[in-house]
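Participant: Can you read through this structure? Questions will come right after.
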Amino acid sequence: MSTVKEQLIQNLVPEDKLSRCKITVVGVGNVGMACAISILLKGLADELALVDADTNKLRGEALDLLHGSLFLSTPKIVFGKDYNVSANSKLVIITAGARMVSGETRLDLLQRNVAIMKAIVPGIVQNSPDCKIIIVTNPVDILTYVVWKISGFPVGRVIGSGCNLDSARFRYLIGEKLGVNPTSCHGWVLGEHGDSSVPIWSGVNVAGVTLKSLNPAIGTDSDKEHWKNVHKQVVEGGYEVLNMKGYTSWAIGLSVTDLARSILKNLKRVHPVTTLVKGFHGIKEEVFLSIPCVLGQSGITDFVKVNMTAEEEGLLKKSADTLWNMQKDLQL
């Protein structure tokens, strides 16, 4: 006796089961799921894979999304603990990582996250040898270096989310201060995604008018308008959200999806993301930090040679030194 499906549907051609634009998110915590829902709502993928070691949490999050399939334009959502579920991904986003525990140093946390990357990355490489990888796990700059080393990928295919969110916060806060939409406020935060990040005040502008031409003291201690507090708020913004809601998720999820869109759509947009900067701006060590990079279907294809003041370049070098002092003691 024929099944309902056999009576209802007549197949004409065999289905092509290979996805054309598959994205994998590794880690289904708050950040991973914010990335996942942002990607789904933007319709960037024809298949989304979720990977996590916590199978109950993973299944629950996946089912929650699948139950909303009617409202999404992504036809296939898959999940699993094994990395074969991620096979043939165009883009893999790593959000999995350990959280700091009481009494632990940043180096201790970093070493634990290095161990996690050693467990994650080989499975990604084996199943998706041609993918691009975006690292979101903190400390993102050093872990981007770690993933690059473990993966053996060309440097342009291993991208840290870096200061893309810092720069977005920067532009939002400038816009709030000026009463202008942040898309019309142009400015960059470079260097470490963290306390030593560098605001490039010399380039901040609205409609091509640099704020420094209107206020030469902008961003300094002598500035009577206290613009320096804008960068302070950028640095403290994540901690502020963390203290109030226990974690950050939505802004970083949107930021990562913005990077994914530039890569998958080959938009050639410029983003401040983490990449290898050895040999540039006086940096001699094999350090990864954020500089403005062109993102397209090959990953990072170019970077912009930013005109900085001597002070800004000095701060960028100091940021690199901060990262190197942690990175040099790593055991890979």
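The backbone N, Cα and C atoms fix where each Cβ goes, and this holds for glycine too.
Under the heading blocked amino end (Ser), Swiss-Prot lists Ser2. Swiss-Prot lists 29-57, Arg99, Asn138 with the feature NAD(+) binding site, giving similarity to another entry as the kind of evidence. Taken from Swiss-Prot, the feature substrate binding site applies to Arg106, Asn138, Arg169, Thr248, supported by similarity to another entry. Annotation source Swiss-Prot lists active site, proton acceptor at His193.
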Participant: State the count of C-beta atoms found within 10 angstroms of the C-beta of the residue listed as 'blocked amino end (Ser)', not counting that atom itself.
Facilitator: 7
Participant: Specify the count of other C-beta atoms within 10 Å of the C-beta of Ala53 (NAD(+) binding site).
Facilitator: 14
Participant: Select the closest residue to Ile37 (NAD(+) binding site) from the following recorded positions, measuring between CA atoms: Ser2, Asn138, Arg169, Thr248.
Facilitator: Thr248
Participant: Using C-alpha positions only, work out which of the recorded positions Asn138, Arg169, His193, Thr248 is nearest to Met33 (NAD(+) binding site).
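Facilitator: For Met33 (NAD(+) binding site), the spatially nearest of the recorded positions is Thr248.
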Participant: Check the Cα distances from His193 (active site, proton acceptor) to each of the recorded positions Ser2, Leu41, Lys57, Asn138, Arg169, Thr248 and keep only the ones within 10 Å.
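Facilitator: Near His193 (active site, proton acceptor), where near means Cα within 10 Å, the recorded positions are Asn138.
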Participant: Given a separation of at least six residues and a C-beta threshold under 8 Å, show me what packs close to Arg169 (substrate binding site) in the same chain.
Facilitator: Val189, Gln233, Val234, Gly237, Ala251
Participant: What is the interatomic distance between the Cα atoms of Thr248 (substrate binding site) and Gly29 (NAD(+) binding site), given in whole Å?
Facilitator: 11
Participant: Highest CB neighbour count within 10 A among the binding-site residues Asn138, Thr248?
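Facilitator: Answer by Cβ density within 10 Å: Asn138.
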Participant: If one measures from the C-alpha of Gly29 (NAD(+) binding site) to the C-alpha of Asn138 (substrate binding site), what distance in angstrom results, rounded to a whole number?
Facilitator: 14
